[in-house]
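What Swiss-Prot says about this one:
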- 30-96: region 'Disordered' (REGION)
- 46-87: region '4 X 4 AA repeats of E-E-A-A' (REGION)
- 46-49: repeat '1' (REPEAT)
- 54-87: compositional bias 'Acidic residues' (COMPBIAS)
- 70-73: repeat '2' (REPEAT)
- 84-87: repeat '4' (REPEAT)
- 248-276: domain 'KOW' (DOMAIN)
Amino acid sequence: MSDPNLNASHDSVESVEDELDIVEAADAVDPDEAELADAEAGAPAEEAALHVESDEDEDEADVEVDAAVEEAADDAEVAEEEAEEAAPVEPAEPVDPIQALREELRLLPGEWYVIHTYAGYEKRVKANLEQRAVSLNVEEFIYQAEVPEEEIVQIKNGERKNVRQNKLPGYVLVRMDLTNESWGVVRNTPGVTGFVGNAYDPYPLTLDEIVKMLAPEAQEKAAKAAAEEAGLPAPAVKRTIEVLDFEVGDSVTVTDGPFATLQATINEINPDSKKVKGLVEIFGRETPVELSFDQIQKN
């Protein structure tokens, strides 16, 4: 009869020995096989690492290519701009001053009217009207007043000089919207004697008429501006030559009109209107008269 305790002990010993054999077998694995296993295990990881490095290299290469393309584009743009700057600039076509004036006047608000003034008071009327338009709050109706002028050559006592004189003596041009209020402001301006045409419902000038009146000054200004821009002297302009032989205090004979053959003494000369004011003796009394240059002759 066998002892149960001995059998259990024997089984335990065998179990322990089996475990030791397993451990030793594991330790006794061929080194070459281990290295092969390690190599097989590490190959995918190494391949993955190489793939990552390759992607990074490709990204860097793409960035460098993009930078090079952008730099080349910038260089091309700069070169194009420099070429445009270096290219000769074609001179602009000359602008017709009359056509430019016509277009400017056509776009302005209001219409142009002509008012009568006392001779020699044109500039004073212009200044008074501009001041009254502001002080009476009618600037939205009365826009502009103009006294057309021209430059002439005046010869007096042998001395020659250029002077500016009114082109329309006794008249002032006004650009305005005609209302009862604006009409009253203009009509009651000191020095104004009335509107040209219908006194209470005057007719405005046409565009052609106002262009014709203002064109000479516009042409002269355009010619001077073009000469200055080109660095040239102002172009010569044909001037009217006026010989003025009268002086205040001169005794003259009236040659035309109701006072013909009478003697007069000049006390005022107005070159703009080409008129003089003087005293004529009628029935033993001195009477003030206004005479034009062609109505008198120096004694």
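Even glycines carry a Cβ here, placed using N, Cα and C.
According to DSSP, the secondary structure content of the domain 'KOW' (248-276) in residues is 0 helix, 14 strand, 15 coil. As a whole-number mean, the pLDDT of the repeat '4' (84-87) in this prediction is 55.
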